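So that you can see what the record holds, here are the features copied from Swiss-Prot:
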{"type": "BINDING", "residues": "47, 48, 49, 105, 139, 140", "note": "L-glutamine binding site"}
{"type": "ACT_SITE", "residues": "78", "note": "active site, nucleophile"}
{"type": "ACT_SITE", "residues": "175", "note": "active site, charge relay system"}
{"type": "ACT_SITE", "residues": "177", "note": "active site, charge relay system"}
């Protein structure tokens, strides 16, 4: 069984653990650098990206997670997507810069503007998982404003990319872990 880490300093890491189990993987809740040696891939969960950055620095994990991402698969959702982006606006903030995208934080509005939407994935996603719409939970979600060459869009919502991949990296601006559909997590497992 594949072991996948979920950064567990803040955010919805428990929901990702359950989604990984549904997809057939063993979650490892990463709180210490030594745990990075036990896993094949890492999920950066949703939560609050500035708080996660502070905790990564406080726990002295920022450089270790950045190093992990240089050679291993990483999947970021919502705040995790922000942490993976090369560029961050509204306001600008530090990130790992793993994926050639620029994101705008909280672009869908305030907490009260959060929503659940049906998203039709592109054939490239469906051909590698299963057909059908994705239930996308957007909670103060970022918008991907710019993508560079080499980034593949797997699903969009209202014309904006919401699920992308670049090589071993997967990014969702929504929360696939908050639904019973394990296809996005299964796609990440295929990268391990």
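Using the three backbone atoms N, Cα and C, a Cβ is placed for every residue, glycine included.
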**Request:** For the recorded L-glutamine site formed by 47, 48, 49, 105, 139, 140, name the remaining residues of the chain with Cβ within 8 Å of the site's Cβ center, in chain order.
**Result:** 46, 78, 79, 82, 106, 141, 142
**Item:** From 78, 175, 177: active-site residues whose CA lies within 10 A of residue 48 (L-glutamine binding site)
**Value:** 78
**Prompt:** Near residue 49 (L-glutamine binding site), which residues of its chain come within a Cβ-Cβ distance under 8 Å, counting only those 6 or more away in sequence?
**Reply:** 79, 82, 83, 88, 93, 105
**Prompt:** What is the total of other Cβ atoms whose distance to the Cβ of residue 47 (L-glutamine binding site) is within 10 Å?
**Reply:** 21
**Prompt:** If one measures from the C-alpha of residue 177 (active site, charge relay system) to the C-alpha of residue 47 (L-glutamine binding site), what distance in angstrom results, rounded to a whole number?
**Reply:** 12
**Asked** For the recorded positions listed here (78, 139), which one has the lowest count of neighbouring CB atoms within 10 Å of its own CB?
**Response** 139
**Asked** Including all protein chains shown, what's the count of other C-beta atoms within 10 A of the C-beta of residue 177 (active site, charge relay system)?
**Response** 27
